[in-house]
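These notes are about the structure you will find just below.
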Amino acid sequence: MVKKMVLTMGAMILMFPAMAFADAPSTAMLNTGLNSLWVMLAAILVILMQGGFILLEAGSTRMKNAGHVAGKTIFTFGLGSLIYWAVGYGIAFGEDGNLLFGLGKFFYNPPILYGENAGLSDSVFFIFQLAFATISLSIAWGGFAERAKLSSYLIFTVVFVGVIYPVVAHWIWGGGWLAEDGAQDFAGSTVVHLSGAVAALAATILLKPRIGKFNKDGSSNQILGHNQVYTALAVLFLWVGWFGFNAGSTVAIETGFFGYVAFNTQIAAAAGAVAAMLISWALLGKSDITTMLNGGLAGLVAITASCAFVEPWAAVVIGLIAGVLVFFSQKFFEKLRIDDPIFALSVHGAAGVWGTLANGFFATPELAATAGVGKAGLFYGGGWGQLLVQLESVVVAGVFVFIVSFAVLYVIKKAIGFRVTEEQELIGLDLSEHGAYGYPEQMKKAQQNLNA
Amino acid sequence: MKDPVLVQLLQEIDAAELTAALRCLRDEAHRRMDALFPSLPLDEYYRQLNGVHDALIRRTVALAEAELARSGMGSPPVPYAYLLFGSGGRKEQTLSSDQDSGIIYEDAHSDEETLAAQKFFTNLSARAVALLQEIGYPPCEGNVISSNPQWCQPESEWKRQLESWFETADWEAVRYLLIVADCRHIHGSGELLERLKRHYYSDMLAKPVIVQRMLDNTIRHKMLIGVFGQLLKEQYGEDAGSIDIKYGAYIPMVNAVRLMAVQSQLRPTSTLERLHALEQAEVVTAEEAAAYSEAFLFFLKLRMIATENNEDGMYMNNGKLANHHLTKEMTEELKQSLKVGKRLQRQVQKLTLGKLK
């Protein structure tokens, strides 16, 4: 077989010597092609994370809402994509903007082929960014779960993907004012995760807790999700997808830096899962699966900002702290009587803040230089400067997203109503919003038992 | 038991002819015990309270017997004993304990008589359980109750049953064997139970492996104290913030002491008596016995304080101590006691596994 091939090749070269030499692509061309291929692959991984969110959200909620919870993710991913194409991308990355927002590239029409020295295909970069924007959106849905009207999902998608998310992305990634200050957020602990979580917070505050979550005496009830296997599988989906999310954010392969980023991502996530498992075991007497799963995700969220800026030991520390933090954060929100069905506030919010701040402690001078953003952190002789910048970006982005989200959702609440009726909530959103249950047989049986 | 009020109460119980009267006397006794709770030493308190329970149950069974006689079913065809299991057997009933009971009766000589005896005791147990319910003792949720045929048998059947439990030694059988270890006779012939217990302990000697299975069952409930020395409280639901004294402190301790006593072939059924006997038998040191007893008494106290609900006229209790009952000093003492309990669990484990080697 090999012999045959060598013979054929040899014959071909003899007959058409040009094949071997002429028209070879330039190194730059190859480079751009390989980069684009890598980022396209990463974008696909990030888009697959939507599958993770479908399973995570559906698994963490009740059977009667499963079809709605799962289906609406696809719907809002679709709508979000159109909005991002029409408006969001231009605000985030349009070249004619200022430090506050970008302008241009609306209804984006990318070049069909990339130029020799482009470094990356424009269309691929767009898809990659679109994937991020819609992930942030799906995080926000955590605050809506099991009680928001479908119409509110529709309106909020338009505003969030059209304005809120792109503005923050512009500030930190699109040459905006936080980028000028040197804010380090490699793959979006703040831009993607904190933004989504803060929107979820605004939503869950306005919606109020689900029926039956809290008792009159201040104690809370556990509303268990209907399928822990889905939830666990979701975490694996997200974990794998995260390699696209973080390592893909190098948007280049030349130096192989993406490998290092992936490496940090893996050990931080592992540390998060282990830490959450151990802390819940130690403090509750029994290790809690949900907390452990959230710990893995918290490790991933936290390392998202810092994966390109820190050494491996620091990645482990960041993950460990994220895992412990997520446990206490869950308790904290419960104490405040804020219902967080999918734990979005703790996993993406608390861990997002921590991950962003962590750069201020652990960023090394070499890696800051490699990434070309900001300075070294407190523990590497950088002083307090970087930490303050990180804090600034967290506070500014958090406050901005909260105010705008709250305002929009408040208007929705007053104008058309935000929450389904009590009756609809009890029968489930599958039926009230879509007319059919995601688990028809089981729900029919449950109804029969109820009537009996 | 020198308290004149109590002595009179017990006399009145022994003389009562109707369950309604017994119910009144029980309510009165409860008021009396409530009043005594703060002042009486706890072991004395439990002795008195269980004396009242014993008297009430004994009298009720006698009334059931009399009722059967009146309705033409005659008197017991053979000698029998009414047995208490669970907290009743251990003389550790609270104000709200349920019925854990059984009956053992002497073997009849012919099949005909056996059938008659079976019929009689089926009726008797049904009556006794119903009357006890009227006085506010809810039936056992685990169905360890004299009206369940499994717990109402002639002597030979009981022995056969014990043997089969020792033979099977699965989780359920081991649970039953541990229940029988706490058994105490309260009415009727004491000799019957004595013989049964002798059988139990000789079976036990013949099957040392059973102890391993008993250990698994015994240390199943963990002391509710975490690795950082913190209390492990209920996280969710209406009992959020409360601590499950029954299954997180009291029962683990009862289980551990029972296993030690059973291994050493010691017959007392109450936990405190068992600890005393273990000390006598030099299985535990005097210091250990004192520490375990003190911790156990504290759990008994908290168990009394734990929420009581009066549901449908039944005295009920879910064994969970609400947070607001716990003062700072009590929390501290509870933590210390739980640590002692943990030490006891470790000691039992070591003792049992050491013996098996």
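Yeah, the Cβs are placed from backbone N, Cα and C, and that goes for glycine too.
For reference, TrEMBL has these:
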{"type": "DOMAIN", "residues": "A:37-439", "note": "domain 'Ammonium transporter AmtB-like'"}
{"type": "SIGNAL", "residues": "A:1-20", "note": "signal peptide"}
{"type": "TRANSMEM", "residues": "A:38-57", "note": "transmembrane segment"}
{"type": "TRANSMEM", "residues": "A:69-92", "note": "transmembrane segment"}
{"type": "TRANSMEM", "residues": "A:123-141", "note": "transmembrane segment"}
{"type": "TRANSMEM", "residues": "A:153-174", "note": "transmembrane segment"}
{"type": "TRANSMEM", "residues": "A:186-207", "note": "transmembrane segment"}
{"type": "TRANSMEM", "residues": "A:228-245", "note": "transmembrane segment"}
{"type": "TRANSMEM", "residues": "A:257-284", "note": "transmembrane segment"}
{"type": "TRANSMEM", "residues": "A:296-328", "note": "transmembrane segment"}
{"type": "TRANSMEM", "residues": "A:394-412", "note": "transmembrane segment"}
Can you find at least 3 Cβ pairs under 8 Å between the transmembrane segment (A:394-412) and the transmembrane segment (A:228-245), where each pair is 6 or more residues apart in sequence?
no
Cβ pairs under 8 Å only, please: of the recorded stretches A:38-57, A:123-141, A:257-284, A:296-328, which one is richest in them relative to the transmembrane segment (A:186-207)?
A:123-141
Apart from its near flanks, which chain residues at least 6 from the ends of the transmembrane segment (A:296-328) lie with a Cβ under 8 angstroms of it?
184-190, 192-193, 235, 238-239, 242, 245-246, 249-250, 257, 260-261, 263-265, 267-277, 279-280, 283, 343, 346-348, 350-352, 354-356, 358-359, 361-364, 367-368, 370-371, 374, 377
For the domain 'Ammonium transporter AmtB-like' (A:37-439), what is the mean per-residue pLDDT, to the nearest integer?
95
Quickly jot the same-chain residues contacting the transmembrane segment (A:38-57) by Cβ under 8 Å, restricted to those at least six beyond its ends, or write none.
69-70, 73-74, 77, 120-121, 124-125, 127-128, 130-132, 134-135, 138-139, 141-142, 145, 230-231, 233-238, 240-245, 247-249, 251-253, 258, 342
